Amino acid sequence: MYEPGTEQINCNGRLIELPTLEVVRPAPKMPSDANIDWLLHIYFTRREFTRCRRLIERELNRHLNPEYLYFVQGLIDREEGNHIEALRHLQKSAELNPRNIETYKEIGRTLYIMGRFSQALGVFREAEQRSSRQDHEIYHYLGELLYRAATTQSQKDVASQQQDEARTYFELAVQSGRKLESYVRLAELYRKDKQYQKAIEILENCLHLTPENSEVLIEISVLYLKINETQKAHDRLAEVVSIERKCSPKGLLAFGAILQSRNDIDGALSKYSQIANAEPEIAELWNNIGLCFFKKQKFIVAISSLRKSVWLSPLNYNALYNLSLIYIASEQYASAFHTLAAAINLRKDNAECYMLLGLCLRKLDDMENAFVALERASSMATGQQGAGRNPLVVLNFALFCYETGRLALSTEQYNRFMSQAQDLLLPTEYKFQATKLKSLLRISNQGNGILLDSADMGESDLGHNRATELLPDELPLEVNAVVSQN
């Protein structure tokens, strides 16, 4: 019978001694030339840098090929912020094995962190030449460095060429790998070129990688607002709310823009108030708040909000344009003149700014300069094609010419307006003004040329505050004011 805790067993009256089983494994002895790269890799992935350093110091002098030792030493130095030593060790590793592409990539990353972008670009180009396969990391960094170089380039042609090359590399990065940053950067470049549909497609594909990425969903909703797809934008923002229960300021701003575009001013202001409590230093926020109060005919509060927007972002064209509209609506023509001058300095090719400038000068009794401004606006509007054309600019010039006695020129501009507006659906108020001008020109009986019929055309108005109803891409309205951040 066996008794627990004893080393004997009673079997048929006899005591039998139990043998003691004891397995002793001696510690393995590594030969001096054994490869311990695997152990070093384990320590590094565990971030046990002290053990890594001791192991590297012990093995560096007796290792037959210290390439990996120098490589890991460089990575450790970079993690600890010692970039010069990291670069030195990585270069030693590259000298021992010039065919190792990973070493070149780490050298390029180190130079990128150090801010030596031109040198990093050269290293990644060399890595691209040495690589025998498509490497999405190399393509991504090449695109990133070229895009950075394009933003700091003073020569426009060179900057455009670098930006196109950066887009090509980001496209290669997206095709050869699944890196979130590459998708985001490529979409950013498409957005900068106003190719909003392509940017949306890229970000929709990005959602396959991270279906619940709220930042990507918000960016998609903003792009949908760019193309006036407010319902799709709302659906994407609803997904963000269902994921996070709370929207970021950018998402709330887009939510408010959607409500504002649907004339739900109080709902939009409630969204904006949430942003103002958390992050009040957002120029687009105060721009949109100003437009909400403008819709409520509260001019003083609207002007204060838009002036704060301009103060936060002095080069924000939309805020300057909107502020000038409110100044004109409140009959502050001198202030509107100065604000429009600042907006024109930012966009010298915008016909609507020159049109409003001409209206301000007319109200200030400077007829000569008003004629020059309106003439320039008309010539710009005539040269625009497609969705960019604004026949209201031409009609305003025609009305001004009639007012100042230039009947022949007024007739010419009226006919030009008719040819531009014949396939557009314009507000009824504009049609009334155009019909009135046509009647006045016929009564005067001095118009040179035949007046076109206005039976089937859209309309126009000298009313400056109606100019924003024509061009959805250029309007300083709520949606565009939000999504115009570049």
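Just so you know, glycine gets a Cβ as well, placed from its N, Cα and C.
The residues of the repeat 'TPR 1' (33-66), classed with DSSP into helix (H, G, I), strand (E, B) and coil, number 20 helix, 0 strand, 14 coil. Among the features that Swiss-Prot reports, repeat 'TPR 1' is placed at 33-66.
Helix, strand and coil counts under DSSP for the repeat 'TPR 2' (67-100) come to 27 helix, 0 strand, 7 coil. Among the features that Swiss-Prot reports, repeat 'TPR 2' is placed at 67-100.
Residues or ranges marked as repeat 'TPR 3' in Swiss-Prot: 101-134. DSSP labels the residues of the repeat 'TPR 3' (101-134) in these numbers: 28 helix, 0 strand, 6 coil.
Remote same-chain residues near the repeat 'TPR 4' (143-179) are listed as 112, 117-118, 120-121, 124, 134-137, 185-186, 189-190, 192, 202, 205, 209 (criterion: CB distance under 8 Å, separation of at least six residues from the stretch ends). As annotated by Swiss-Prot, repeat 'TPR 4' applies to 143-179.
Per Swiss-Prot, the feature repeat 'TPR 5' maps to 180-213. Using a Cβ-Cβ cut-off under 8 Å and counting only residues 6 or more beyond its ends in the same chain, the repeat 'TPR 5' (180-213) has close neighbours at 136, 139-140, 143-144, 147, 163, 166-167, 170-171, 173-174, 219-220, 223-224, 226-227, 243, 486.
Mean pLDDT, taken over the repeat 'TPR 6' (215-247), works out to 85 on the 0 to 100 scale. Look at Swiss-Prot and you will find 215-247 tagged as repeat 'TPR 6'.
Taken from Swiss-Prot, the feature repeat 'TPR 7' applies to 249-282.
As annotated by Swiss-Prot, repeat 'TPR 8' applies to 283-316. Residue counts for the repeat 'TPR 8' (283-316) under DSSP, helix first, then strand, then coil, are 27 helix, 0 strand, 7 coil.
Among the features that Swiss-Prot reports, repeat 'TPR 9' is placed at 318-350.
With a cut-off of 8 Å between Cβ atoms, the residues of this chain six or more beyond the repeat 'TPR 10' (352-384) that come close are 321, 324-325, 328, 331, 333-334, 336-337, 340-341, 343-344, 390-394, 396-397, 400-401, 404, 413, 416, 420, 462, 464, 467, 471, 474. Taken from Swiss-Prot, the feature repeat 'TPR 10' covers 352-384.
When DSSP labels each residue, the repeat 'TPR 9' (318-350) comes out as 26 helix, 0 strand, 7 coil, counted as helix, strand and coil in that order. Residues 72-73, 75-76, 79-80, 96 of the same chain lie 6+ residues outside the repeat 'TPR 1' (33-66) yet bring a C-beta within less than 8 angstroms of a C-beta in it. Under DSSP, residues within the repeat 'TPR 4' (143-179) fall into helix, strand and coil as 31 helix, 0 strand, 6 coil.
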